Amino acid sequence: MAQPTHLTARSGRVLQGTVHAPGDKSMSHRAFILGAMAHGITEIEGLLEGDDVLATGRAVEAFGALTERLGPGRWRVTGQGGFQSPEGIIDCGNAGTGVRLLMGAAAGYGISATFDGDASLRKRPMGRVTDHLERMGARFDWSGDRGLLPAILTGGDLAAIDHVQTVASAQVKSAILLAGLNATGTTTVEEPEKSRDHTERMLRAFGAEVQVVDSGEGWIIRLVGGQPLTGTAVSVPGDPSSAAFPLAAGLIVPGSEVTVEGVMLNPLRTGLFDTWIEMGADLTIANRRQSGGEDVGDITARHSKLRGIVVPETRAASMIDEYPILAATAAFAEGVTVMRGIGEMRVKESDRIALMVAGLRACGVAVEEEPDGFLVTGGTVPGGATVRTAHDHRIAMSHLVLGLAAERAVTVDEPGMIATSFPGFVEMMRGLGAHVAEGV
Ligand SMILES: O=C(O)C1=C[C@@H](OP(=O)(O)O)[C@@H](O)[C@H](O)C1
Ligand SMILES: C=C(OP(=O)(O)O)C(=O)O
C-alpha cells in the first residue's frame, strides 16, 4: 500500500481509552541477536515488528540463524551457536541499535560482512563502536569516510579489553560485551553513568555469567570470554519510549484519560515518567508486576496542568529518546522547561535538538537552542505548520501529538518512518479518538 506523503493532526477531540504498548525495541533487537548467537531454539513473544527490528531479523538470517514468525509478535529463532559470512550486504535500515549491536556480535567470529543502512544511518557515527572492536582485534574498512557506513568487517581472534565509557551509551557497551563473549580473556566496561541494562540481563537469561558491580553513579561490568549461549524463551514487555506518545496526548488534550497497559518500568528507562510527575502530571501506575524479567505496569495519564522544570542532567540516559515528546508536552506547560546535558540527541536518527527547535518554532512555540540542550517556554500552542522530520520517527510522532492540542493543525512529512519503532501508531491514536488524517 502506498504510504501517504504527509499526516495531519488536529485538536478538538477528547482522547479516551486503554491501549497496549508495542514491544520494546531495545529488547526485541537483543532477542534476535542473542537467539542467533546461541545454540538451539529461542522463542520470543511480544517482539516489536517494527522496521528496525525486522531488519535485525533479516540480518541474523543472513548470518545463518533461522527465524520463523509463529504469530503476531511470536517468533522462533534457531541459532547455530555462531555467525557465518553472509551473502550480500547487511542492510540495517534506520537502526542504530541494530547495526552497532550486530557489528559487536559479528566481530567475534572469523567472518567478513558489509554493513549498510539508510540515508540517516549513513550519517551516524560508527567509530564509537568500531574503534573499540578494532582494539579487540577486528578490522573495519570503509568504502567512504572513515567511521561512516558502509563498513566492511573482518572479525575473529579477539582479545578482551577494558573500556571506560566516555558517553553513557548502551549501544557501545552492548557491542563491546557481545564481542567480548567470543574474545580471549575478561572484557570490562566501566560506565560513568548507568545506561539501559537489557544486554546484561538477557545474556544471563541465555546462560552467560555477567558480573556487575555498582560503583555508585555507574556500573562496572565484567564478562569472561568463551561462554556459550543457550536458546531460551524471551518475553518482551511494552516499550516505555512508545507508550510515551499516547500518554503525552492524554496529558495535553483537555478532558482526556489514556491508559497504556504492559509498559516496561526498568528504572533506566523511566526518566520521562519521573519528569512528567515533577511537572505536575496526573500519571498513575497500577498493576505492577514482573514480565520477561522486567517490572511492568499499566500507566494512566489524565489531562493535567503542567509546569516547566529543570530536568536533571543525570536523568538524560534514562530518557534520551524521550526528549522530543517531553518537549512537545513542555510546550503546553506553564513556564520554562530546561533540558540540558543531551548533546547525544544530535547524533540520533536526526539532529533531534535542531529538529525539535525548528518544529516547535514553526508551530509558534518559544524555544532557545544551546549546544547540548534546549529550553521550551510553554503556554498555548498556535500550530498551523508543516514540520520537516528528516527521516526521524520520534520527531514525526512528537509533532503529531503536539497537533492534537494545538490551536491549528500540525502536519508532518515522511510519516512512513513511524513504522521504524511504532507500526500501528496512527491507528492506535485514532482508536483513542484522535483526529489524524492523511495529507496536508
Ligand atoms: O541500546 C539501545 O537499545 C539503545 C540505546 C540508546 O542509544 P545510545 O546507546 O546511543 O545512547 C537509545 O537512544 C536507542 O534508541 C536504543
Ligand atoms: C535513537 C533511536 O534508535 P536507534 O539508535 O536504534 O536508531 C530511537 O529509537 O530513538
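Backbone N, Cα and C atoms are what each Cβ position is placed from, and that goes for glycine too.
TrEMBL names Lys25, Ser26, Arg30, Ser169, Gln171, Asp321 for binding 3-phosphoshikimate. Of Lys194, Lys348, the residue it gives for the same site is Lys348. Here the Cβ of Lys348 (3-phosphoshikimate binding site) has 20 other Cβ atoms within 10 Å, regardless of which shown protein chain they belong to. For Arg124 (phosphoenolpyruvate binding site), the nearest of the binding-site residues Ser26, Arg30, Ser169, Asp321, Lys348 in terms of C-alpha separation is Lys348. With respect to ligand 1, the binding-site residues Ser26, Arg30, Ser169, Gln171 contribute Ser26, Ser169, Gln171 as residues with a C-beta closer than 6 angstroms to one of its atoms, given in sequence order.
Ranking the binding-site residues Lys25, Arg30, Arg124, Arg352, Arg394 by how many other Cβ atoms lie within 10 angstroms of each Cβ puts Arg124 at the bottom. Contact annotation for binding-site residues (Arg30, Gly96, Ser169, Lys348, Arg394) versus ligand 2: Gly96, Lys348, Arg394, each with CB under 6 Å from a ligand atom. Once Cβ contacts within 10 Å are tallied over all protein chains shown, the binding-site residues Ser26, Gly96, Ser169, Asp321 are led by Ser26. Confidence over the domain 'Enolpyruvate transferase' (13-428), given as mean pLDDT on the 0 to 100 scale, stands at 97.
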